[in-house]
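> Questions regarding the structure given below will be posed in turn.
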């Protein structure tokens, strides 16, 4: 391990850098967003680890994780948890000064088990407890590490914390405490507290284990559940892989995998992705196998099998784990000098220990003088400085810090009190008060850390009164968000009317047929125009669209506390209403972002007969090349980009809408006559649908399932439509600004075509937006009615919904969507099915034209999965190229792990390759069919079966 550090320093020598009271030395580790350096305290000459996080590589979610990690570490002081010593911020980096662990992590320790005998810090350990053959560690060492890991976990559970990323890479090792006392260890680490290197359990002659990396940690009481997919796949609990809600037992599964790896030398389950890993876990059926020659004791094997239970209910719980004889009994097989002596009374754990004279602290100014949670954060106030970990949020009335108090005033073990209400229009809903995620919990602690220090413990009645005030404040904030949702529908229609009646667009920029397009909008409500030969013609005609706008008085309902949370999306460049739409829609419909990799439940996937809807009525004029083939000018190029971005986003929304229509039409089967079709009549949103007339033999469970799936898909389509309108609004604002300041260039054919096309698309988006809102409201009422008809013991029955979440609600009913039902998950599964069907047809050479359409639709659906609801777009699209040039920020969606995103991106890339291959085959067939000398009656004709029947607008084809 020392050789690794020296090799890295030789490969990448860096000049020393001063960071506060510390000097940054050589690099010792590197991750995706941070680099870890060895550092030294300038006065005491003791060593620290400095984790330098590059702020330019962090998006909003990662900054929240960093803030959560800092906030949690400030309040954790335990010998087996890596302590945060200090925190400094510059304009480009946040430097976390942490305890230095000279032996690296446990994964490296296991990997280099055969060379530990030659290492100065571990040679004595190997001499006393040699590792057995086969890749495992000596059981004495394994039990020693397990005892220390369990001590840290008990400390976390006492504080209702769950780590969620327990793995060997996050378990760091320090030289044995005895080596420090004897002076054998030459590298003396800086102490985060007086007992940082005094183990609470285990052997003092063996290396000391510490848990690190609390980026995914969060507060989770014993009775609460979480549902965010996070952690490392190989060590991730199966309930997380199944996208089910989970509790703190997920950490115990990770402990079981780590223990298995120490005993065997490899993880119990290995796979290349989440789906394959879950398949192997399920296939194993809780039969954990060990090599025949493995020397592990029966007690260890029994403990591992108890921890690696697929069903969390059958898994050991924390009291059983902490009381296990492997944890509590003395370690068998110890040598005489390691045998335990007479028991000593445990040292009381104080929030702040009194610093003692030691080689770690050489002067009084270097001793810890700050209570936990009040460590100094050195900031450099400069213009343009990115937000720090302590101000990555809006400041409310409760955010004003109180003066810091001395450690004598800090009551030991005083629990934090609930913060006061924050009067913000965008304040989070009730869910953040009941089932907080890691970010919200961290921000709440950051808000009131200094306000409760030194205050007497509040009585239960005071806490209940405070909770009631909090709920009232959050209700008011939510109502404000709800009003904004309806305002968004008004703004969409107002902007479309503005473009439709703009003298600048109508006076010289309109083209023949523009008026006809407007009239078609009022009659067909934006149904896509297809040619008679298109395979989608019947599908397009089959669905009559409801006329009318969304009702301003329609009653939207709040969601319950255990529903999925829809994270905030970045604020649009032209309108903050889009963000409010997405946030309030999430609370209203229970929509949350879930990583798309999942095992499809029975009955969730739509039938393979689904045909993708084509793009909005195609425009045959090309913007990418002018009439003479020359490159367009700068202004024209900007117009081209705007058109392409709007069309791409609208096309993705159209694909999602088509998928939702499949669910909708299963709920409301089409009658032979459109006049009798319930979906063709204007819907009265004040009257719930008559299930007896429209169910058409569907079971109640099927109605609820279809309604939930249609609802989340319609909400996803709404968010994409809103994004298209925001892009168009940005283009229109720029045009108006140029006109005001006299910067508008001379009108040319390019600008005329761009204005016409954008106006054309905006009118289509407007009518589709109104249509989706209308249908989403109908599906919502259908869902409420279906849930009422469920058996009383069904989890989705209204009587089984959370009561606390509806306290103070004046609404008639709440909309609750089952956990795991998300648009992204449905879209991912559907795209996989479509691509597989297309691949089979491609291999057999059947219906290649339809293969092309299917591939394009599957690609668009996956692009919508990866689509952020802010002003960022897909890899390879103009929006992302623009954002990357501005800040280089990597798009990582809320709750979508980097690994999952990479899997989806690779799948899209593979589909594009297959699409290119199909198009080549279609072109070859078309060329062959036109090779014979044409007759007089068939000159110039080519078989339509070999040509794509849909003409896509420029910018709609997948990015190459």
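Using the three backbone atoms N, Cα and C, a Cβ is placed for every residue, glycine included.
The model shown is predicted, which means the values in this text are computed figures rather than measured ones.
Sharing the feature lines straight out of Swiss-Prot:
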type	residues	note
DOMAIN	22-327	domain 'Protein kinase'
BINDING	28, 29, 30, 31, 32, 33, 34, 35, 36, 51	ATP binding site
ACT_SITE	165	active site, proton acceptor
REGION	333-467	region 'Disordered'
COMPBIAS	376-388	compositional bias 'Polar residues'
REGION	503-538	region 'Disordered'
COMPBIAS	520-536	compositional bias 'Polar residues'
REGION	550-571	region 'Disordered'
COMPBIAS	550-566	compositional bias 'Basic and acidic residues'
REGION	673-694	region 'Disordered'
REGION	789-815	region 'Disordered'
COMPBIAS	789-800	compositional bias 'Basic and acidic residues'
COMPBIAS	801-815	compositional bias 'Low complexity'
REGION	926-960	region 'Disordered'
COMPBIAS	930-951	compositional bias 'Polar residues'
> Taking 10 A as the limit, how many CB atoms besides its own sit near the CB of residue 30 (ATP binding site)?
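For residue 30 (ATP binding site), the 10 Å Cβ neighbour count is 12.
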> Any idea what the Cα distance is from residue 36 (ATP binding site) over to the residue listed as 'active site, proton acceptor', rounded to a whole Å?
19
> So how many other Cβ atoms are close to residue 34 (ATP binding site), meaning within 10 Å of its Cβ?
19
> By a simple count, how many Cβ atoms lie within 10 Å of the Cβ of residue 28 (ATP binding site), its own Cβ left out?
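Taking all protein chains shown, residue 28 (ATP binding site) has 22 Cβ neighbours within 10 Å.
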> Mean pLDDT for the domain 'Protein kinase' (22-327), rounded to an integer?
85
> State the count of C-beta atoms found within 10 angstroms of the C-beta of residue 36 (ATP binding site), not counting that atom itself.
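Around the Cβ of residue 36 (ATP binding site), 17 other Cβ atoms lie within 10 Å.
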> Applying a 10 Å Cβ distance cut-off over all chains shown, what neighbour count does residue 165 (active site, proton acceptor) have?
21
> Can you give me the Cα-Cα distance between residue 28 (ATP binding site) and residue 165 (active site, proton acceptor) in Å, rounded to a whole number?
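Approximately 21 Å lies between the Cα of residue 28 (ATP binding site) and that of residue 165 (active site, proton acceptor).
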> Reported as an integer number of Å, what is the Cα distance between residue 34 (ATP binding site) and the residue listed as 'active site, proton acceptor'?
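Just about 17 Å between their Cα atoms.
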> Could you tell me which three-state DSSP class residue 30 (ATP binding site) falls into?
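Note: residue 30 (ATP binding site) is in a strand by DSSP.
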> Measure from the CA atom of residue 165 (active site, proton acceptor) to the CA atom of residue 30 (ATP binding site) and give the result in Å, rounded to a whole number.
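The separation of the Cα atoms works out to 18 Å.
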> Can you tell me how the residues of the compositional bias 'Basic and acidic residues' (789-800) break down into helix, strand and coil by DSSP?
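Secondary-structure breakdown of the compositional bias 'Basic and acidic residues' (789-800): 3 helix, 0 strand, 9 coil.
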> DSSP three-state call for residue 165 (active site, proton acceptor): helix, strand or coil?
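In the DSSP reduction, residue 165 (active site, proton acceptor) maps to coil.
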